[in-house]
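J.: The structure under discussion is supplied below as structure tokens; questions concerning it will follow.
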Amino acid sequence: MKVSNETRHDWTKEEIEKIYHQPLLDLVYHASKTHREWHNAREVQVCTLLSVKTGGCPEDCSYCGQAARYHTDIKVEALLPTATVLAHAKKAKEAGSSRFCMAAAWREVRNNRDFDRIIEMVKGVNELGLEVCCTLGMLTEEQAIRLQEAGLHAYNHNLDTSEAYYDEIISTRKFDNRINTIQNVRKAGITVCSGGIIGLGETHQDRISMLLTLATMPKHPESVPVNALARVKGTPLENNPKVDIWDMVRMIATARIVMPSSVVRLSAGRIEMTEVEQAWCFMAGANSIFTGERETLLVTPNPGVTEDMQMFENLGLLPMVKQETAQTCTH
Ligand code: SF4
């Protein structure tokens, strides 16, 4: 199959279906080729994710242990002090991260003192020379502008799943709310980090449909996280089957082909993958990972930084430096 080398925004469902359903090794080969045409395949961006406000969220995302309504083991924590967050960011930089992402379990940003403190944190992390990313829930255009002025580089807001399957997973907001926030982020000139989760019980069609939404945006998200469901005890999806590694590879490879300039991030679920399985994901075009301190990713287990650096050495990979990250983004 001939795959275009141009960034396209007019993909059809049929085209993406055809790519997604190729024999796996053909798909990985094409994705790997695309990856090498657009990126330095030896480099992988290392992003550190810190939960700056944990749990107690009023939303009902059925995959999330931070939703107040589920009985999980996650401890609710108020917004961390700015100095604590900056100390974490400094440590992340020293450990090789080029991007620092701060996550708050909020439904939406409110114009209150907590938001003023987030603005302070964004300024502080930016001054450390790290790319700053936030994920804070829904955002108005005015709030996005404030974050941009404080130096925010990227805003994470995942589509989660397809529009058709959305109501099965979350009832407290609509798919369109996600799109609106992404548009507000774009209008403010902040880069977009948006992907989704597989393993929620969705069909292959839902996965293709989610990729279609992302790949037909007027501008592709600069970062596309592909998450495997982390099954959190106490959530409605705790007993879902483990995501098959080949489904993960297929999803990453298709994302790589349809959004060739984006950084495709192998996100949640790495803890359940072997190094060999992660190597397949890198081969399929993943060029970013999340690390979390204390071997957690937000509130779920994640490999530690030392383990990741050993994996990089074994696979001949290098942590991407900030300037090179900027070159691979399309902003
Ligand atoms: S995913 Fe985010 S919005 Fe949904 S319950 Fe968890 S913290 Fe709240």
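Yeah, the Cβs are placed from backbone N, Cα and C, and that goes for glycine too.
Because TrEMBL annotations are produced automatically, they should be read as predictions rather than curated entries.
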J.: Just to be sure I read the record right: C101, C193, R265 are listed as binding [2Fe-2S] cluster in TrEMBL. Which of C133, C281 is listed for the same site?
T.: C133
J.: What is the number of other Cβ atoms found within 10 Å of the Cβ of C61 ([4Fe-4S] cluster binding site)?
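T.: The answer is 22 other Cβ atoms.
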J.: Of C61, C101, C133, C193, R265, the binding-site residues listed, which put a C-beta under 6 Å from ligand 1? Please answer none if none do.
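T.: Those binding-site residues that pass the cut-off, since their Cβ is under 6 Å from ligand 1, are C61.
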J.: Quick one: Cα separation, C57 ([4Fe-4S] cluster binding site) versus C133 ([2Fe-2S] cluster binding site), in Å?
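T.: Pair distance, Cα basis, whole Å: 20 Å.
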J.: Excluding C57, C61, C64 themselves, which residues in that chain have a Cβ inside 8 Å of the centre of the Cβ atoms defining the [4Fe-4S] cluster site?
T.: E59, D60, Y63, G65, Q66, A67, A105
